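What follows is a set of notes on a single structure, which appears directly below.
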Amino acid sequence: MAALQEVLLAVLLWPVLVTISNPINCGDEQSSLSNCLSISEEKLLDRESFSTLSSSIVFLKNHVLCLRRCLSHSQYSSRQARQENACMTKVLPIPSSKSEIQQITDKWLLHAVLMLVQSWIKPLVYLQTTMVRYDYASDVLLNKTKWVLEKLISLEQGVVILIKKILNEAVMTTTVSELDLFPTDLQPDILESVMNDYSLLSCFKKDARKIEILLKLLKCRRNDMYNCA
């Protein structure tokens, strides 16, 4: 139980997991937790991970908003109405009452989190690619976009570990191809692209909040399901 709680805590604190340049390999049944997650005690106790993610998304949104304002204001105004409501996040009911939390399963929670995480990896790869095209995009903005993408991929790896540990299931991580990194269908209209990026970040922030809630529910259920609310 102690080892499992360590894994749960590590996933909740996913920014300190190994990055995409050092993928996790926990396929061996004999692999210990320490082999799967190389993490110091100080980082393990860092409880600011999700607030860091949230603030990073807000940072990106604010900077993309600045990019929009750098472009023609009249052009933006003519398109704003149809773009602001373009958010399409995953329809996923979040259990809220004590009875709902008791009725769901760990499997449902884990696969719901994995679905949300994997649905955003390629859109964020695309976002990183489009950011490079903006004349007004600073190095800080580009680095922050890369950071968010890397942490999302680390989170996916952490959830895969949990599924292996708790459900004894093997699942595949997302494969990012060269076409994803350098898409050929980039929109020639920079204004449209900036507005799409802003809408994408708005959607991602909503789903990131869902991911945080579901992982906290999972941790709570594993500790004391009948008093979890």
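Cβ atoms here come from the backbone N, Cα and C positions, even for glycine.
Features as listed in Swiss-Prot:
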SIGNAL    1-21  signal peptide
DISULFID  Cys26-Cys36  disulfide bond
DISULFID  Cys87-Cys203  disulfide bond
CARBOHYD  Asn143  N-linked glycosylation site
DISULFID  Cys220-Cys228  disulfide bond
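Annotated features, which come from Swiss-Prot, shown on the structure.
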| residue | record | Cβ within 10 Å |
| --- | --- | --- |
| Asn143 | N-linked glycosylation site | 10 |
| Cys203 | disulfide bond | 16 |
| Cys220 | disulfide bond | 15 |
| Cys228 | disulfide bond | 17 |
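Cys220 (disulfide bond) is 34 Å away from Asn143 (N-linked glycosylation site) when you measure Cα to Cα. DSSP assigns Cys228 (disulfide bond) to coil in the three-state reduction, placing it in neither a helix nor a strand. Cα separation, Cys220 (disulfide bond) to Cys203 (disulfide bond), rounded: 26 Å. Following the DSSP three-state reduction, the secondary structure of Cys220 (disulfide bond) is helix. Between the CA atoms of Cys203 (disulfide bond) and Cys228 (disulfide bond) there is a gap of 28 Å, rounded to the nearest whole number.
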